[in-house]
Amino acid sequence: MNILGIETSCDDTAAAVVADGQKILSNVISSQNEFHAKYGGIVPEIASRKHVELILYVIQAALDSAGVTYNEIDVIAATNRPGLVGSLLVGLSAAKSIAYCYQKPFIGVNHLLGHVYANFFEHPDLKLPHISLTVSGGHTLVMYITSPTQYEILGHTVDDAIGEAYDKVAKFLGLGYPGGPIIDNMAKDGNPEAIDFPSPLIHSKDLNFSFSGLKTAVIRYVTEQQRTGQSLNYADVVASFQRAAIKVLVKKVLEAAQEKQISTITLSGGVAANSALREILIQEARHNGVQVYYPPLILCTDNGAMIAGAAYHLYQQGVRSGLDLGAYASL
Ligand code: ATP
Ligand code: FE
């Protein structure tokens, strides 16, 4: 069964064809980074307009690269929540139109299920239930995953998402956009112990996170160093910021695994691409007898394959969406 998965929840215009929820026949992603870079973050109006310009080309490229026609697609799936509503509407409307024209079933997919599903491509036998740490531009979640389509949120950020904190710190330092990959690279040359930034909520009894205070601490530190003319090493700053953020992520996800007596953790979302997070989590988890899985880099950030993959399991469960399905900013 071939599923066309369309993803436009944020600033990537993406479409993919996946066979039987497992085999990625094509995965086309058109990044809009260059259009948002000068603003240091995503401008929603630009994102939706660019999606409108690109969506049909991206879908056609996904079909061509998979070597299939619309007639050989069995189900059309698109992200319908959560995300920027203007962006979501573009992919969703395209999917509905195709489903209507070709008389195919249509399924709206929760973006977060997609991010978690990205792990199943390389690890189809991934143990269930397991604990997921989903870290992206808009979310920081610890979830209890019971099936490819079901989850329970155990903890979440109370303010900024971790990816957002990376992007805002990078913007403040004038490093570029998106900040995550830039900080990831730059931190390799810095000393993570150089500055003692706080890891907010690290001692709280729940599994929640907070990154706004950490971001402010970085801004304060840099401003103060500049004001007093003291030395300032950006690599040390970002390495120390990253260490403080990762420390709390790793502690809480391992706590969740222990609480639920689970020995498998998956990482997903754009920040799952972070080399330090992967390294430290794997290392710490090993001490606790916990195995960590993460998707290949290309499947960490937004893509259509993860949407098609999750849609396959929804389809098997009998889920079908109406053409009146809405787009929603939140879950
Ligand atoms: P959401 O999935 O919550 O709706 P989103 O779709 O915008 O948000 P993703 O595409 O999953 O988010 O991830 C983008 C985020 O990942 C950005 O904040 C980016 O800076 C961050 N990111 C990407 N690569 C890395 C990396 N190597 N290290 C840290 N952060 C990274
Ligand atoms: Fe995402």
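One is the number of the first residue shown, and numbering goes on along the chain from there.
Here the Cβ of each residue, glycine as well, is placed from N, Cα and C on the backbone.
As recorded in TrEMBL, the features of this protein are as follows:
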DOMAIN    23-308  domain 'Gcp-like'
BINDING   HIS111, HIS115, ASP302  Fe cation binding site
BINDING   THR134, VAL135, SER136, GLY137, GLY138, ASP167, GLY180, ASP184, ASN274  substrate binding site
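Taking the centre of the Cβ atoms of HIS111, HIS115, ASP302 as the Fe cation site, the nearby residues of that chain (Cβ within 8 Å, site residues left out) are GLU7, SER9, CYS10, THR79, LEU112, GLY114, SER136, GLY269, ASN303, MET306, ILE307.
Cα of GLY180 (substrate binding site) to Cα of HIS111 (Fe cation binding site): a distance of 20 Å. As a whole-number mean, the pLDDT of the domain 'Gcp-like' (23-308) in this prediction is 97. Following the DSSP three-state reduction, the secondary structure of ASN274 (substrate binding site) is coil. If you draw a 10 Å sphere around the CB of HIS111 (Fe cation binding site), it holds 25 other CB atoms from the protein chains shown. Annotation note: HIS115 (Fe cation binding site) sits in a helical segment as assigned by DSSP. Close contacts with ligand 1, defined as a Cβ under 6 Å from any of its atoms, occur at SER136, GLY138, GLY180, ASN274, ASP302 among the binding-site residues THR134, SER136, GLY138, GLY180, ASN274, ASP302.
Of the listed binding-site residues, namely GLY138, GLY180, the sparsest CB environment within 10 A is found at GLY138. Sequence-distant contacts of SER136 (substrate binding site), defined by Cβ-Cβ distance under 8 angstroms and a gap of at least six in the same chain, are HIS115, ALA161, ILE162, GLY163, SER268, GLY269, GLY270, VAL271. Among the binding-site residues THR134, GLY138, GLY180, ASN274, ASP302, the residues whose Cβ lies under 6 Å from any atom of ligand 2 are, in sequence order, ASP302. DSSP assigns ASP302 (Fe cation binding site) to coil in the three-state reduction, placing it in neither a helix nor a strand. Calculated from their C-alpha atoms, the gap between GLY138 (substrate binding site) and HIS111 (Fe cation binding site) amounts to 11 Å.
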